[in-house]
Structures are given as C-alpha cells and as structure tokens.
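What TrEMBL annotates here:
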ACT_SITE  Asp205  active site, charge relay system
ACT_SITE  His238  active site, charge relay system
ACT_SITE  Ser411  active site, charge relay system
DOMAIN    196-458  domain 'Peptidase S8/S53'
SIGNAL    1-23  signal peptide
Amino acid sequence: MNWRHPVATVLAVALATSGTVTAAAAQAAEPDPGPARTVTLVTGDRVVLAGSRGVSVLPGAGRAKTAFEQRTDVTGDVHVTPQDALAGVRSGQLDPLLFDVTKLVEFGYDDQARRDLPLIVGGGLAAARDTGLRPVRELTSLGATAVRAAKGTDLLARAARSAAPRIWLDAPVRGTLDQSVPQIGAPAAWQAGLTGSGVTVAVLDSGIDTTHPDLAGVVADARDFSGSATGTTDRWGHGTHVASIVTGRDAKYRGVAPGVRLLNGKVLGDDGSGLLSGIIAGMEWAAGGGAKVVNMSLGTRFPSDGTDVLSQAVDRLTEQTGTLFVAAAGNDADLVTSPGAATAALTVGAVDRDGKLAPFSNHGPRYGDGAIKPDVTAPGVGIAAAKARDSVLATTVPSVDEHHFRLSGTSMAAPHVAGAAAILAQQHPDWKAPELKAALMGTAEAGAAMSVFEQGAGRVDVAKAVSRPVFASPATISLGTAQWPHDDDKPLVTTVTYRNAGTTPVTLDLTTDVRGPDGAAAPDGMVTVTPGSLTIPAGGSAAATVTADTRVAGPDGGYQGVVLASGVRTPIAVTREAERYDVALTFLDEQGNPTPNFSYSFVDVENPRSFGGASPTARVPKGRFYFQATTWTDDRRYLFAVEPEFVVSGPAQLTVDTRTAVSADVRFADRPTAKIGRAAYGFERDTSWGHLSSWMHVPDFTDFRVRPSATSASSFDLAVEAQAAEPDGAGGFGTSGYLYNVRHHLRGSIPAKPGFTVRDRDMARVRTEAAVTKPGSTGTREGMITRPLPYGLDEFYTPGEPWYPLFSEDGVNLLLDAVPRSYRLGRPVLERWNAAVFGPAFPPGPRIRAFRQGDTIAVYLPMFTDQHAGRISDGGPVSAAQTTLSREGKEIGRSDVLGRGAFPVPAGPGTYVLHAEATRDNAVSSKVVVDWTFTSDTAPGTNPAALPLPAVRYAPAVDARNRVPAWLPTYVPITVETNAGGTAELKALSVSHDGGATWHAVPFTDKGALLVHPAGAKSVSLKATAADPAGNKVEQTIVDAFLLAGKA
C-alpha cells in the first residue's frame, strides 16, 4: 500500500493494552532515520519503514490474503502486526517487540543490517531444531533456547507445528549510563571489619580491565557471552567503572566492598550493547558459579510489567539459587525497565550527593500492575571510578586523573547497592536474596519530598544495615486497586513478618506514614497496622497485620508511604479507584455465536489514556471515548469496528456483531475489469490531546469488512484506500499497463455503504518509467505490479492527497520519495525511477539525516539514491560496507552498516571525518566511497544539531538501461545538496573510464560538466569534492556511475 500519513505527528493506541497515554513533547528539529529500511517480520512479511513517512507492507510468500494492523504508539514507534499473529500477541505467546518495526530498525535488525533474526524460543534444543532454526545457546532457567532465524520464512507456521510454546525477540540491552561511598555509610561497615571478604559478586557488563591498578587480582573467573573478538576485556569502559564501584582498591576512590572477589561476565560487547540471550546465559553462569550477588547495570529501553523474558529469568534464578540480582532502574526519567522490573530484583534508582532524585532516574509505579519500583536508591551522579585503558568511554569522557573518570547513571547507583549486599552477605553468610533485599530496604534512609515510586524505601545505608538485626517480609507491600464505588469495599489485608537476626530481644513500635494523591496525610483509618508494638526474641519472628480500608472517605487516587517499625521501613501502596464502570462487550461471529477472537481499545478523547485487554469486560472511567475493535475467524475473515464517540456515564453494553458487517464496494467505471490487489482502511480521530490513527492493510475488501458505527464525531475520518490493476490471469498483475491509487474519505462515522465509484476524469495521471541497473532483474511498483525491467506504466492518483510512491528493483534497491507528492488534475506527469547516478543524497525537507545530540554523533544516510531530487533509498544488499568516524585523525567509532551509526564523541569542538564505503554486485554505481570532513561542537540541550554535510548529485540523460551514447559528449547536470539546509559548491571534478584505475580532472560550471568518452570505454566513474563556506567538505567517489553504449 502507498505511504501513510506522517507517523511522527500521529498518536495511536494499542488495541489490546491499557494504561496512560502521554503525548510526545515537540522538538525544534527532528532527526530522521534517513534511508528507507526494510524489515522482515517473524512471519516472513516485509515492512518498509521510512521514519516519519509511514510504512508499506509487503506480504510474504503465500500470505497475499493476510491483513495487517498498523498503529503508532505514543512514543512514535510504528507497530505492524499480521492479523494471524494478534491472538499470539494477546495471549503472550508472541513478544510484541517482534512487530515493533521502529524498534527492529533501532536494534539493527532490519534487512540492511543483518540477514537473520535473533530470537528466544520456548523449549530446549530439540524444539528449536524442530522449528528449523539455528540454535545458539540453551537457556535452562527459562526452558528456552536462543536461536537465529533466516529471514523470509513464516516462523509462526513452523512454531505451530513444533513444541516451541513462546517466541521472544532476542533484543539488545545496553548499560544504563547517563561523593558516593561514604554517602551510603560504607566506612562504618569497614570499621566493623565488614568489607565483603569471602563473598563473590558477579558483574555482568562490558567486561573488566584486569590491568587496572584498582582491580588487580580481584577477578576470580571470567567468561564472554557477547561474542566479542576481544574476549572478556573492557573496550567500552562501562564494566570496569561499575566493578570498581563495587570493590575498587584505590585509596581515594575506594569501592564499597573492597574485600569481595569478582566474576567478570562480559554480556555487553565492545559497543556497549548485548543480547537478552547472552545476558540470561551470563546470569545462569554467575548464579551457578557461586555468586551471592549479581550486579546488572544494564537494561532495555522500554517499560516492563515484570513478565518479560529477562525479568522472568531474574525471578526464576532468584528462586532456584537464592542469588540476589541488583538491577539499575534505567535512565529515561520514565517507568522502570527490565531487568529492574523483575519482582525479585533489588532495583536501584539514582540520587545526587545531596540525596535528591537524579533527573534521569526511572521511577514507578511498575507498568501494568502499579507495583512499587524502584526498591531503593544510591548515589549515581558524577561518580568517580576506574577508567578502562583504551576504551571508548576513556577517549570520550573527561578524566579525573590518569586512572579515573566520572560517569552518571543508575548504572553507577546499582554497584553501590551490590557492594552493600556483599557486606551484609559477609555478616550473614546464611542469608539469601530475600533476606539481603529486605535488610537493605528496611534500613534505607528516606529522601525528602520523594514518593516510594521514586525512591522505594530510600537511599541504602550500609551502616544501619549491619547494625540493625531486624528486617521485614515482604519487603514491599503493593496492594493493588480497590474498585469504585467504595462504600462496599472489603479491607485489603496483608501480614508482615518481622525477623530478629540478633542475639537479644527487640521491641518494635509500629506506625504508618501514608500520603494521599494530593500529598496530604491519608485519612485516619485508611491504612493501619496492628498491633502497635511487637517484641521479637533473639533469632525469632513476629507478625503484624497491615490493613488498607478504602471505605474510609478520602480523595480517589493512589496512596503511598511506609509502614514503620522502630526504623524498619516497608514501602506500601494502594489505589482507591476513581469513578469507573464496567462496559460489557459482546463479540459475535457470523452465526451469531460469541467468539473469543477479538481485540479492542477504549481511548479517552479528553485525557491521554486508554483501556483494553483480553477480557470481554472493560473497566472504563466516566467520559467520552473512541472505541476500536477487531474480530476474526479461523479462516482469516476480519471485521473492523469503530465507535467515534462512545459515552460512558454508568454501566454500559456494546455489541460487535459480525453479521452487520459491510464491504467497501469500490468500482472502476472506465475499466470495469480492474481488480483490487492491495487495500486499506484508515481510522483517524482528533482528540483534545492529540491525533489517533491506525490503519488496517488488507489484500482486498471481500473478506475484510467494517461495521457501521452507531455514533459519530465530526473529527473522525474513515479513509478507504485501494490499488487496482488489470489481472494477468495467473493470480497477479504483471502484465497490467495501468495502476490505480485511490483514497476516499468518509467523515463522521462508518456508513452503511462505504463504497464509491472511480472515474478516470477525476484522477490525476502519471506516466512512470523504470530503468534497470542489473540485467535480468524485475521491478516492483507499490509492492503490487512486478515485471521485468525496464518498463512503463500509466498510473492514476486521487488528486490532492499526500502520496509516497514506492519502487524497488528486486534484490537491488528500494526507492521512495522523501516528501509527499500531491498530484493535480490536468496533463499527465512523467516520473522516471531507478535512473543513474546512484549515490548519497540529502533531499529537501525539514528532516536531518546526520546530527549531533549532546555528545553523540548519529548518521542515517541514504547512500544509493537515484538521480531524482527528493528521493531516498534503502541501499539494498551490498557485498561489503563500512562506516567509520574519526576525530583529529583517530578512529573513534565504526559500524558495519552502510551510512549508519551512533558514536559517542568527546565533549567540545573538534574536526571529524565520516567515512562511508560500499561495494555492490551491480554494473551501475558498483562502488561508493565518501569522506565527509566537518567541525562539530557539543550540542546544547536535547535538540539535535544538523551536521554540515554536503553531497554531490548527478543527473545525466541515461536511457532505460542507464546508458548514454559512448560516441557523443555527455552533459551531466550537477547539484550539491546539504544536510538540513545551507549551501555548498563543487570544488573539483574528475572522471575515470577504466573503473577508477586512473583519473583526470575535467572542467565544470556551477550547473554541470560536459564529458567526452574515449573509444572502448564501458562506463563512467566520477570523483568530486564539494565544500561549504565554513570549509566543511565531501570527497565522493562513485565507480561505474553510469554506463556507455556503443553504436548498434
């Protein structure tokens, strides 16, 4: 299907999730993902994603009749889920990340970056082999196997025939990097002889520099789980810093527990990133290798409800081995991520030297169930610790001295707590994870003006932990939600057991300190603890009862605080639900029987939040809602239902009856034999806080119907979109000489008859001509018409609509417009596609494709774009590619993906060289080599600053086979494009007629150059230099830029 509305300006909500929706903040400039990226899903279907421009869906082999749900979540991520995968996502069998195409590109899992897909599948090695996958490692704690799957195969169909019950994406994980040891009371423990001696702590990170003087002799064992060529040494610099916070031996920058021995589990590679499967394998190795405590200063970049695969591994290994996993909360100032979301993890937020919450520190409540996270805090701002020799961070972060530098993040907070846990483990060698966690939480120091969802129990205090023998179980009390109305609520009761590990009896005075949603003290009787006092014998225990009585009058909302037992702190939270009602949903199939095949969502049009799930009863607040649902049959017939304005003012009912469904009847008056080959329904509605949009990509409208809506809203729009051509009699459209691209809008509601008639006189006409670069290849237009190249096609477009035409030379390159095209009625327009010269491009528009954000330089450059100004490309398959960044002559970053990478750089100004090079198996533009030299300084704030990069563009009048006559002079129009504005001019131009072996300079003007070709030459290669007034320049070489044709 043609390109959708710009997704960066669209807010859409998942059909089967619930929670609060947050509108994204506006930015002054917006970085662009650059080239179009093709992502092959686990089903074998392909999705073309181009940043803000939307998606195009290309069904896999044998899946032409599959429908796809496209939606954009509130973070801007685009999700494309095949309808036959919806049930698996809803049930938890399929990881939703498998269909988050934005994340797949971000993770480097698109087709340009890698040829396989890393997965974790349920079951052992035998199940993986049954599924036809290549096993990498067995993950015994999960009963699962990490595998690699060749792209292009419908793995869901294979999994359905095997014993693999679940499939997760093996996603990448990074270190959580954004006056400390005395701040948590460690010196008092040292004076008591407690340094962690005899305790083993595992650091799962980017490796450890064992030559560092602070860490000499402390690593007892090491293993690499990242697949790094450098083994277990630390070339990123994160792991060494973290390890020295645990146990550094420097006199000034001493670690928390200088007596421990370390296990060095390298789970993050030399770029600071690792896969979930490698991290889980490292966890299993550490827990099985005698680690009492495992530090995990790493995390995913998205909130979790604690049921993700990494959190599950934490919970299971904790239960199986008693090992305490200390996890960083994350640095996004958002909800806690995995593995910190795991229930059993001791999750750590960050505070500064004054005990104030760090602005980057992730917080609770936990996504999904509202549980308390993080559990504690520790210092994480400006922490001075060991600097790994020759590491990336050592070259980009200012040093404190020869061996140390400062870093900030919850990555730095977590090892403070891991060291504290080791000290406790030395004092109490029989304690396991629950006791260590409870003792550290119970003795934490509360921070002022912070809720338990920001700090948990408070900042860890080792001095108190080793001197106070009493701890509570459970260490946290999350009581959930009491439903409205509250006059009939039943009290929520839990038992807290206090254990005395000391040698003398202890008497505890029990009270509560709980605050309401307005910050005021909770009403008397809302949260109580009995008895008011407990005496616990030495080595014994005693229980107290904590009761939350939400019948007590008070404001609705969240109540949070602590149960206090003579200084022992137990965080507590309960929610008094605001006014809500049950909406009973009935989903009926074509026979009028209830069907379990459904998904739905209620989106509040006045507040950014949504409600949905797998239950046929939705719990929804009073208000106005946009309702959307999908039902399906086992033989892949679908119904899409929308209520643009569903008002909830009390208990309600809503029925989605498949028997009322209607199809969009689209007719072609001038070509009645035209057949729809691809189609879509677009559902859009404006709200008071943003724009809702979701699209259903379908093969046609026959088995994909809509339900007429009973309500209406002036801002609702149903877009009915279709592509049609002449059938070729073989199930395709390969012989069609025309292609319709139509879009029809129906405002307010879904009518009983959503069809329309198309007439040629009402359509804009475009003549499309596609050239060939590789003899024998085929070209595909809009994922629908495929035929041998070159070819021409007459196209018809609904005028006045934004279109993003799409063309691919199959297996070679994919091209699309960078900005939308809008066609007018009148004379036909000629558009040429796939015409040489192919090279780097910066098409016009507000998007920036190379930028600096803070002290990170990121590039996403289209490197094989055809001569048409305004297009971008995905680059296609290349036989060799590299992208490197150097500063002052020293390489500081490298990527194996063409024109793509994100590189940390030193603060302040500097001169950089960005080098991109690729070779492809093609006669036209067979090799591109580009060097950009530019200056760049730290970008203030959070907005990205465009890098001053130019690109030289050529547009010779090539024929349909990308040739010009060899016997005639060739005039080559030349332009210089720049990244996000600015001007640059051509400074030098050379030509080669022997594939780049020899070069000679040629004269040129600011418009172009006239080239003369020697006898026998087969191609023309071009080398150019261009620069802007500030001296930023490009040196660009394109071998076999275009071909020469001899006389017939």
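Placement of Cβ uses the backbone N, Cα and C atoms for every residue, glycine included.
Cβ-based neighbour count (10 Å, all protein chains) for Ser411 (active site, charge relay system) stands at 32. Other Cβ atoms within 10 Å of the Cβ of His238 (active site, charge relay system), summed over all protein chains shown, number 27. Note on Asp205 (active site, charge relay system): other Cβ atoms within 10 Å of its Cβ, all shown chains, come to 30. On a Cα basis, Asp205 (active site, charge relay system) lies 10 Å away from Ser411 (active site, charge relay system). Within the model, the domain 'Peptidase S8/S53' (196-458) carries an average pLDDT of 95.
If you take the Cα of His238 (active site, charge relay system) and the Cα of Asp205 (active site, charge relay system), they are about 7 angstrom apart, rounded to a whole number.
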